[in-house]
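Working notes, structure below.
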Ligand code: V07
């Protein structure tokens, strides 16, 4: 019975049309893509089928974000903690960039999307790195939406590495402690060059940050949905953006 009610609640036709103003679109949307395994389990399918469908949702969300005029989309594809999962699952996940390149990339190239990756990519298997590098190179002259994958990414590790770098520069005498500012730290994080996310979305009902972009989301609006990531579509993104606009609306030109 509860399952029936949950299914009814998540039905698409329940979603009401949302009004979105073109003047206040979040420039940078970041997404924690949670619930691939749970989505599969509910259907009696193996977890990897959930990840596969999660990859399709990445393309759907990218096209939807591009259509709305979002400039930067950062997706949490693999965390530094995900290595603790069963080896078979990790091996499968590490093949997804290869599949993404083969199956999804052409359509994104047509839409002028540029792919980037942030994380400790040196620790990735060589086939993963090759696919990721090919996706980056094939899209580097594109001028549309920037699709930034967080891959082997951890927020604390990013801060740790940044602090170690600053410490080394101080020790080498090329930086003084007074020169450490928010702007300098921004520029030396893995996201260096991207504006902070305006909107953070997490799917699958969990309300945690799970070590994602800890420094960068200091002022982001947070939006959560019970939908599992493989179900995520344009309607969800529009709901999130509409809510973002309600929360950030200012009268009298104050912003
Ligand atoms: C992964 C699909 C999305 C749901 C969350 C986990 C599984 C796309 C990529 C990817 C990464 C880099 C790149 C091109 C594609 C990816 C992993 C997992 C490890 F250059 N989806 N996806 N990578 N999932």
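Glycine is treated like the rest: Cβ placed from N, Cα and C.
Here TrEMBL flags 34 as active site. As annotated by TrEMBL, active site, proton acceptor applies to 82. Annotated Mg(2+) binding site per TrEMBL: 34, 221, in sequence order. Look at TrEMBL and you will find 35-39, 47, 51, 79-81, 83, 85, 202, 208-210 tagged as substrate binding site.
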Could you give the Cα-Cα distance between residue 202 (substrate binding site) and residue 82 (active site, proton acceptor), in whole Å?
17
Which of 34, 221, all recorded positions, has a Cβ with the fewest other Cβ atoms inside 10 Å:
221
Measuring Cα to Cα, how many Å separate residue 37 (substrate binding site) from residue 82 (active site, proton acceptor)?
13
Listed binding-site residues with Cβ under 6 Å from ligand 1, out of 37, 39, 51, 80, 221:
51
Helix, strand or coil at residue 221 (Mg(2+) binding site) [DSSP, three-state]:
strand
Using a Cβ-Cβ cut-off under 8 angstroms and a sequence gap of six or more, which residues of the chain neighbour residue 82 (active site, proton acceptor)?
90, 93
